[in-house]
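S.K.: Residues or ranges marked as transmembrane segment by TrEMBL: 21-40, 63-84, 91-110, 116-137, 181-202, 266-291, 303-325, 332-353, 359-378, 390-412, 424-448. Per TrEMBL, the feature domain 'Major facilitator superfamily (MFS) profile' maps to 23-448. Look at TrEMBL and you will find 452-524 tagged as region 'Disordered'. Taken from TrEMBL, the feature compositional bias 'Acidic residues' covers 469-479. As annotated by TrEMBL, compositional bias 'Polar residues' applies to 487-496.
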Amino acid sequence: MGRADPEEGQLPAPVKPPDGGWGWIVLFGCFVITGFSYAFPKAVSVYFKELMKDFHVGYSDTAWISSIMLAMLYGTGPVCSIMVNQFGCRPVMLIGGLLASSGMILASFTTNIIELYLTAGVLTGLGMALNFQPSLIMLGTYFDKRRPLANGLAAAGSPVFLSSLSPLGQVLLEKFGWRGGFLIMGGLLLNCCTCGAVMRPLDMGMKRKMEKTQDKYEAKEMLPIGGKSEEGISTTDGTKKAKKAKKKPKKGKKLLDFSIFSNRGFIIYTISKFILVLGLFVPPILLVNYAKDTGVPDTEAAFLLSIIGFIDIFARPACGMVAGLKWVRPHVAYLFSFAMLFNGLTDICSARASNYTGLVIFCVFFGISYGMVGALQFEVLMAIVGSQKFSSAIGLVLLIEAFAVLIGPPSAGRLVDALKNYEVIFYLAGSEVVLSALFLAMATYCCLNRGKKKTPPPEKTPSGGGGSDTEEAESDVPEAEEHSSDNHQPAHSTDNAVVAASEEANHVEDEQSGEGGRCPEGDREVLAQAGCSADQTVERDSF
């Protein structure tokens, strides 16, 4: 991605995602942010028993804390998209880290459940949302060819933090109570600010410099050596500046791009994710309380989440590597459907687990399937809409999922209070996940794949839609090399040169007479000798 000297006859390479370098630091920051965003709402469930005793509330009331956190994480997606498009990822993440930390610190001083909803739920959830979405956007900016692997590694932050935050929460609860535990958790969330500080945006100034160098290089190659070449360069720069001045008033950055709703793949993905979220988070949120009610000691009950997290740690990177294979990546939507089907069947088959051994087996298979879903969900979305529209797409998807988050876990908790039976909850949650898997697979096959077979392939255009950024960048390189090689070809024969010169001179004369302008004879002779027209000099920017 370095700059080439145009005097040496080399064109500068186009800007593309580095797929490494500082991107690995960005990946680590995304790893930590994803861990806090997804593991924290589940790890807080360790404190639910004590909160029920202190505030005299039921399962459904305490389940609202995790639900509000997740709802803020999802529901504020459009707000995050607007802020990122307006201010950039780094400032938004720094503010988010401060909000998440202050929410948990204030929650340690609350005196009723409503105050907990506003502090631990709304404030902390909003802070994590302002960290989570920008980190994913930065990850998609730095990685393209290795993007499936990068998404899998970043998604592994969720199980790593879940396996550590859940036992840590139990230890803090026993030593300091739930108030002391909330206070310490708030201090840990300040690490989100550190992760936000490393989200350095890619330098776009290099791209502008390379474009300017390329224009001057092409002008020098096309014009004869001498004083006229400098005039051609100045003419090119003047034309480019005039075009930029005309385009300036029209430039307006879209805060939210609603055109993605015209993408059928995006609509199918959104509906499938809505159904999925209704049941996906229910088992891990209620698992600890279910184990405690069956007589499992508190420490061993909290360890169940650690088992899910430990298995999840290896499932996500492994699934990301599989999704990055050449023969798998074009069909990643079907792999995502299989992961959801696996997760739903795990819930249904484990609904009757009534002892600790059965719950451990459930956690193993749930960890594998849950890790596959977590590793693939955003990779599928990036593949559908492309990296340029991803910031708007993820915001709108998370907003729609927020309604499912507000419906799923609270409804499950209310059913537990009414039926005193967890078996129905697992059957219901598993059925919803299976339904989402079947819908995604069938809709993708019927609506997308068949449509591609019937319609003829569209003509290739320079600016693509939601394809791979690296492929678009690489496709420009051969074209640039072609022009470069053409410019260095030896001159044609004398007869061809005379014919070309006369045709170009006639072309210039006709156009100038049509426009009512005149061209000096000296310039016309120079143009005829050079074998190029005035249009080629003035319109170099469009070449």
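Every residue, even glycine, has its Cβ placed from backbone N, Cα and C.
Curation plays no part in TrEMBL annotations; they are all automatic predictions.
On a predicted model such as this, the values are computed, not experimentally measured, just so you know.
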S.K.: Note the mean pLDDT of the domain 'Major facilitator superfamily (MFS) profile' (23-448), expressed as a whole number.
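M.R.: Mean model confidence (pLDDT) across the domain 'Major facilitator superfamily (MFS) profile' (23-448) is 82.
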S.K.: When you look at the transmembrane segment (303-325) alongside the transmembrane segment (266-291), do they share 3+ Cβ pairs under 8 Å, ignoring any pair fewer than 6 residues apart in sequence?
M.R.: yes
S.K.: Are the transmembrane segment (181-202) and the transmembrane segment (390-412) near each other by the rule of at least 3 C-beta pairs under 8 angstroms (pairs 6 or more apart)?
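M.R.: No; fewer than 3 Cβ pairs under 8 Å.
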S.K.: Six or more residues out from either end of the transmembrane segment (332-353), which same-chain residues have a Cβ under 8 Å from its Cβ atoms?
M.R.: 148, 265, 269, 272, 276, 279-280, 283, 319, 322-323, 359, 361-362, 365-366, 368-370, 372-373, 376-377, 379-380, 383, 422-423, 426-427, 429-438, 440-441, 444
S.K.: By a Cβ-Cβ criterion of under 8 Å, what residues six or more beyond either terminus of the transmembrane segment (21-40) are in contact with it?
M.R.: 69, 73, 93, 100, 124, 128-129, 131-132, 135-136, 138-139, 142-143, 150, 153-162, 165-166, 185, 189, 191-192, 194-196, 198-200, 309, 374
S.K.: Which stretch, 91-110, 116-137, 303-325, tops the Cβ pairs under 8 Å count with the transmembrane segment (63-84)?
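M.R.: Looking at each of 91-110, 116-137, 303-325 in turn, the most contacts to the transmembrane segment (63-84) are made by 116-137.
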S.K.: Residues sitting near the transmembrane segment (116-137): Cβ under 8 Å, six or more positions beyond its termini, same chain?
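M.R.: Distant contacts of the transmembrane segment (116-137): 26, 29-30, 33-34, 36-37, 40-41, 44, 51, 55, 64-65, 67-77, 79-81, 83-84, 89-90, 92-93, 95-104, 106-107, 110, 154, 182, 189, 192, 195-196, 199, 378, 390-391, 394-395, 398.
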S.K.: Using a Cβ-Cβ cut-off of under 8 Å, list the residues of the same chain that are 6+ residues beyond the ends of the transmembrane segment (91-110) and lie near it.
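M.R.: The answer is 33, 36, 80, 83-84, 116, 119-120, 122-131, 134-135, 179-180, 182-183, 185-187, 189-197, 199.
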S.K.: Going along the chain, which residues at least six beyond the ends of the transmembrane segment (181-202) come within the CB cut-off of under 8 Å?
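M.R.: Same-chain residues near the transmembrane segment (181-202) but 6 or more away: 15, 17-18, 22, 25-26, 28-30, 32-33, 36, 40, 47, 88-90, 92-94, 96-98, 100-105, 107-108, 120, 124, 127-128, 131, 134-135, 138, 141-142, 165, 169, 172-173.
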